[in-house]
């Protein structure tokens, strides 16, 4: 997938207050978020489907790709831009055969072996983490900075770092060679999602200037 801007990659969290949830996404897009991944691990299928349609309406307005976490059925049903799968989700190779060559396929990896396998199975990018402690995912594997650098060097596809990234620590990843910052709480729980997005993007752009 060419020209995929992964600079600031938003992964959503729980959407209990739908109006607030959709507003956060829109504000983050105004602040420069370049990809949105809709992640709903507990939602009923119909609720997820309806929410995904609403989120897609917003992302299309800003010409930003919408990725669905894990649920290939939802991604296909709403014609999302792609799917992201973890190590315990549908195998990447199977996901690719289901979504076709034109959709974006992202894969989570926590080590070089997983990253290389994802590349072989035609992933368009890899999400590596958790680079910092995170409350979003209880079972997240910790990936030291040294390991992150080695993963980046081991593959030819883009890598985004995820896990506990904030405006305060993002600069610590400056020399890792990553293609983007993937965040959840730093935007979803920010008082001002637009400004939070702008600041995170500034941190990332600063290291790439």
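Cβ atoms are placed via backbone N, Cα and C, with glycine included.
The 4-amino-2-methyl-5-(diphosphooxymethyl)pyrimidine binding site feature in Swiss-Prot is assigned to 37, 38, 39, 40, 41, 69, 108, 137; the stated evidence is sequence analysis. Same-chain residues at least 6 positions away in sequence with a Cβ under 8 Å from that of residue 108 (4-amino-2-methyl-5-(diphosphooxymethyl)pyrimidine binding site) are, in sequence order, 84, 85, 86, 87, 114, 126, 127, 128, 129, 162.
Residue 70 (Mg(2+) binding site) counts 18 other C-beta atoms within 10 Å of its own C-beta, drawing on all protein chains shown. Secondary structure from DSSP puts residue 70 (Mg(2+) binding site) in coil. According to Swiss-Prot, the Mg(2+) binding site annotation covers 70, 89, on the basis of sequence analysis.
When the binding-site residues 40, 89 are compared by the number of other C-beta atoms lying within 10 angstroms of their own C-beta, 89 comes out lowest. For the binding-site residues 39, 41, the largest tally of other C-beta atoms within 10 A is found at 39. Taking Cβ-Cβ distances under 8 Å and a sequence separation of 6 or more, the neighbours of residue 38 (4-amino-2-methyl-5-(diphosphooxymethyl)pyrimidine binding site) in its chain are 12, 51, 52, 55, 66, 67, 68, 69, 80. Listed in sequence order, the residues of the same chain lying 6 or more apart from residue 37 (4-amino-2-methyl-5-(diphosphooxymethyl)pyrimidine binding site) and placing their CB within less than 8 Å of its CB are 9, 10, 11, 12, 66, 67, 68, 69, 84, 106, 182. In the three-state DSSP classification, residue 108 (4-amino-2-methyl-5-(diphosphooxymethyl)pyrimidine binding site) falls within a strand.
Its Cβ taken as reference, residue 69 (4-amino-2-methyl-5-(diphosphooxymethyl)pyrimidine binding site) is surrounded by 21 other Cβ atoms within 10 Å in the chains shown.
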